[in-house]
Amino acid sequence: MPEREPILYVEPLPSSRQWVSQNLAISRTKAVTYVQSLFPIFTWIYRYNWTWFLGDMVAGVTVGVVVIPQGMAYAKLAQLPPEFGLYSSFVGCALYFMFATSKDITIGPVAVMSTLMGNILHDVLPHLPQYKDTPWVIAGCMSLVLGCIVTALGLLRLGFIVDFIPLPAIAAFMTGSALNIAMGQIPTLMGNNSVKGFNTRDPTYLVFGNFFKYIKHCNLNAAVGLTSLFLLYAIRAGCKYSARRWPKREKLFFFISTLRTAFVILLYTLISFLVNRNHRTSPKFSILGVVPRGFKHMQVPTVNSDILSAVAGKLPSAIIVLIIEHISISKSFGRINNYTINPNQELIAIGITNIFGPFFGAYPATGSFSRTAIKSKAGVRTPLAGVITACIVVIAIYALPPVFFYISNALLAAVIIHAVGDLVSTPTAIKMFWRISPFEFVIFWAGVLVSVFSSIDNGIYTTVAASAALLLFRIAKAQGKFVGTVRVVYDQPPAGTSSYPESRDIFVPLDHSDGSNPSVTPQHPQGGIFIYRLNEGYLYPNAVYFTDHMTAEVTARTRPGVANPYGSLGNRPWNDPGPRHKDDADVDMSLPVLRAIILDFNGVSNVDITSIQNLVDVRQQLDRYADRPVSWHFAGVKSPWIRRALVAGGFGSSSAATRTVFSVATVGALEHKGDQLLSDVKNANSQGQLLSDEEFISESFTSTQDKPGVANSTSFDTLNLPILSTDHPFFHIDLDEALKAAKLESDVVLKK
């Protein structure tokens, strides 16, 4: 049976009310789903079992042993007494499991956030002398404010803003911070940090210089610090080698390596006890001193205008650190362990932790990379492992303060240096940055150098601002490409066949900027037709750049419709060189007159008012240049909102044009109940989607009633249904269709 003419289809343009109903309308189902998403624990807690508990127990205890010394060491970085590190460790581990979407992450005090907190206290305490003896009041206020802000970001589902901070910026921030922290701890490690005039909070390069300036003041602390640091690295290296040498015992060596910090601290604490037990008031080397038992600083956080005004300028960098560390770590371990985290929910989790933390005496906390890696390798099964870690911390808070008294400060400095060493980007990673993007390689080093020569805050701002500037530059200077056709066939027949398929046309840039073989020459469309591919979103930053490039190339490869439309040289505008005479002697008559422009919108995800208006202006400019209406065809427009914007600008159709070439979907070899199928088509017609009358529909089918073997049914061989709306003939499904339509239209015009 021959194919019928296709039924016409008219696409209803989207409306603002439709957008609001789809994106902003709140239904009961959406509200319930939103509330349920705030407590992910209810999706898995009812399935908790003994196998999961054993895995969580091992991981929780392992992390608990590690977080105790780290927490106290990081509290020293924050210029707070060591017990505040334990408080922060407890709250982070105890609360996170209720809001977590990551089983691996461990919230608590971290080196970078602690250093930033210490810098903030160092800067604001001179302006708030009333808190000189109670700096934890400012730290608690900071934690509460940061928690409220981050929680609000999560509740408003603004977690996507983290994606605007690229990997080189994060790597630069981590590397610069690690160098800053390590250099700041070396004087404590060596014992010359107490020299008058030596400020370890100065920029890294000054601390480096002053360390050697006062190196003669190093003392017995250097022996403790250097040997403990060497032992930490030696145990780790030995366990790595042993795991490769005896792979069957890899798990054993992993736990030995993980517990190396606890082992070294116990060993040197014993040495410190033996050396200083008779010298408690004047120890031979610097020790931690009295650590109060229990939660001695539980209170309602103090929030007042004095503190808020003093720390307001520090909040942006603190928020960035809080978010970057946690989200990047949780995403990384989610990919490693094959699960997906919800960034919005993770923001809520760290926000809630920092809101409630100050009530227990905690300062700002976020996800820890080292403890998360340990927790993951230890075989954690659920976020409930954090509760077990919290129990270990509580035991330490109440049972171990007498032991903490003898912990060496040089030993804690070694623990910090050993921990932050893993944050420095490796040469392999830095080399990869250069090979992938030299511009981002420069941004990376800019962030590192600013962190070293200025501060961590300025390093963060530098990398974020530079990355944003690079992004805007790439958007604004995105250049489209003119493309032509190349006829291709498969080099080998498809699997299972012995014949080559039919050849087909593909569209590649004329200048081979995509890396295509320069020996293959694309064919430029003839007859004044141009195909221009937009490779980015068509928005106000790049609209003029796109169209200027397109217009310059089009006018260079065509001739004007009228050689001298101004009549005389005196009437010509000053900026139009044109031919010098009235005739067309200075015009290359071998060039075609511009007839059609095809825009490839496959890479365009959004348009705006400025870009559409720019397109309207260019259309008018080229119409005057060609002395005739130029046809504008659009291929691959993916969004109905983009089509709506183009239609509003007068594109997509014209009063004289009808759709002559368009793609259809062929439906065939089917049988349906005849009455039902006709009813469906008529129903679509009544809604304004299909345009045809009952007679046309009926002729598109062949009745098979009363035929042998078929009872009361209507069958058809083929029925052609259009893919795109037939009332906008200049919107096409692909470039091939657009080119054929433009050529056919051009041929019709030439015949006239």
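Cβ atoms are placed via backbone N, Cα and C, with glycine included.
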TrEMBL lists transmembrane segment for one of the ranges 307-326, 347-366, 407-426; which is that range?
347-366
DSSP puts the residues of the domain 'STAS' (528-651) at 44 helix, 19 strand, 61 coil
What stretch, picked from 80-99, 137-158, 252-275, 433-453, has the most CB pairs under 8 A with the transmembrane segment (347-366)?
137-158
Using a Cβ cut-off under 8 Å, which residues of the same chain at least 6 positions beyond either end of the transmembrane segment (50-68) come close to it?
86, 89, 93, 106, 108, 255, 258-259, 261-262, 368, 370-371, 374-375, 378-382, 384-393, 396, 400
Should anything in the same chain at least six residues away from the transmembrane segment (378-397) have a Cβ under 8 Å from its Cβ atoms, list it; otherwise answer none.
41, 44-45, 48, 51-53, 55-65, 67-68, 71, 83, 86-87, 89-90, 92-94, 96-97, 100, 102-104, 106-107, 254-255, 258, 293-295
Checking distant contacts: for the transmembrane segment (137-158), what same-chain residues at least six beyond its ends satisfy Cβ-Cβ under 8 A?
78, 80, 84, 117, 120-121, 124-125, 128, 131, 301-304, 307-308, 310-311, 314-315, 318-319, 322-323, 344-358, 361-365
